[in-house]
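Report on one structure; see the data block that follows.
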Amino acid sequence: MTWIPWNTQLRELAKQCQYLEALTLYRQMLRCGSSPNAFSFPFALKSSASLPLPLSGQQLHCQVIKSGCSQEPFVLTSLISMYCKFSSLGNARKVFDENPISNQLTVCYNALISGYALNSRVFDVIALFCIMREMGVSVNSVTMLGLVPVFSEPGYISVGMCFHCCCVKLGLNLDFSVANCLVTMYVKCGAIEFGRNLFDEMPKKGLITWNAMISGYAQNGLAADVLELYRRMETAGVCPDAVTFVGVLSSCANLGAVSVGHEVEQRIESSRLGLNPFLNNALINMYARCGNLVKARAIFDGMPVKSVVSWTAIIGGYGMHGYGEIAVELFDEMIKSGIRPDGAAFVSVLCACSHAGLTEKGLEYFSEMKMKHRLQPGPEHYSCVVDLLGRAGRLNEALELIKSMRVKPDGAVWGALLGACKIHRNVEMAELAFERVIEFEPTNIGYYVLLSNIYSEAENLEGVLKVRVMMRERKLKKDPGFSYVEYKGRVHLFLAGDRSHPQKKEIYRMVDELEALVKKLAGCKDNEERRNKEALLGMGVHSEKLAIVFGLLNSEPGTEIVVIKNLRMCEDCHLFFKGVSKIVTRQLVVRDATRFHHFRDGHCSCKDYCTKIDLILKLRNLLEACGVPVQLGGCKCNNMCSNAVWIPENETGSRERADDQPAID
């Protein structure tokens, strides 16, 4: 057998990431009487750092000193890098400072800068770079590649821009890798325009460049820009990879662009990436959020290995579609299969319980999260439970839960309470929640509109005017309601009262015809007065009605129609779609700001959870107006979606509960 030098074998093992084998070979070399040299130590030090084995690294350091190799630049940088990977920055800096040649070598500065950046030591990075410049040591692209990523947070954007200027001054911005690094820094900081400008100026764009910009758009919620850039990438002849597809699929999920998502799935299969778990998870999320839960479940069932992310995606999908019972079954199945749930999994199942009105089950999971799984709930979990209690009318319990939180409640927590106050018309608590929520999100227009609607339903004109004055003073404007439907690969967008569509005459004629049929079917009185009021308020016909009717006009009979809406659907439109689904005998799917509604044969998948609460509240107001005091009673299904009961108080003020008490449907 041909004899291979020890150093060559060490290099190959380290190169192939076989670090344990490399250290074993190094020990074997010592036993055989061979002495390590400056070419041996870098591979051994790298292997020790990668495992990581701090004690082994210290022993190697001793051997470096004994062998007299501590002055060798590559050995020196390997020692600094090793200690940085151990997060032993004090030892790394000691190696740097105690060696007289370190402050003259670019590679040594680069190793320590990368180590500080790896451990998020921002000010140490800046200070060391300044020393480097004062000493007259040359800066190269490796310096910037180690330094720039540490500024990839919004708070450091101004410092990052200074280093961008430094790159331009030194001519390093022309380096392809440095330019990619700068684009990534800008998009991670949320400075999308700066990132896009730099992207457009780059004469050469590789796959990494396109991925940086696509991922940046996706992470900042700019889904339409992701799809536009993906098309440009294809036109440029750049072949996408798994990173590209994940960004595009997440954007398809946000937009409901199922045709593009399906096209991407075909590209994934043709690229032989179908077994990639990250892509399968992204496909599950995309199909679930685009309304095709059957396809999402098929992908999930076909995965040979399911991670907690896979389970979370499918549980969240069922929860969003209103199938809380199935979501709960899947969550329990996940635990039985040995998968330990994480914080994201609990958010999904708690949201599912909230949407389906499974109050007690949700509270049980919240308790198990802390007691059984030893997970500390974050604000996102508390906001789910506040929403859960709030929807069930247990507002006081929700408020007490917020007061008992170990972590500081954020805007989402108080916003959940404010939304519950809207459902149950609790003006006093709504004012408290509003005061808190605008401390965190003073420019979130949705909360102002929510409080205004609460005042409006309570016929508190003074409160409505007060909110409008606040909005005017803060220069806030309500986001217009819009809905869109995809037809033949093209998205058709509709605003409330929109008359810009080429088919406007046919659309409005059919809206009027369907409204008349729905009124006749439901036995309702003429709602012309309501339509006139909407027109006076500038609302016109709501956007989701126009989108659904467009879909009915242009699709084949029996075809499912999926509409995406940016705001929550109102009660009137909900009633309208139930009637239309019975008239046209096909399924209508509407995804609003919080969930999916599947309308078929006059029914909705949400089981009229929120609208039945509204009906019960109206009945309570009617009974109280007649002098009959009432309280919210229990529900046979532990929620308020179907059998909520109003129980009159007896003369002593206590609640009487009878099994034969009539339920309100």
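Cβ atoms are placed via backbone N, Cα and C, with glycine included.
Taken from TrEMBL, the feature domain 'DYW' covers 532-609.
According to TrEMBL, the feature repeat 'PPR' maps to 105-139 (among others). Under DSSP, residues within the repeat 'PPR' (105-139) fall into helix, strand and coil as 26 helix, 0 strand, 9 coil.
Here the repeat 'PPR' (206-240) has, by DSSP, the following mix of helix, strand and coil residues: 26 helix, 0 strand, 9 coil. What TrEMBL records for 206-240 (among others) is repeat 'PPR'.
Summarising the annotation, TrEMBL assigns repeat 'PPR' to 307-341 (among others). Each residue in the repeat 'PPR' (307-341) gets a DSSP state, and the totals come to 26 helix, 0 strand, 9 coil.
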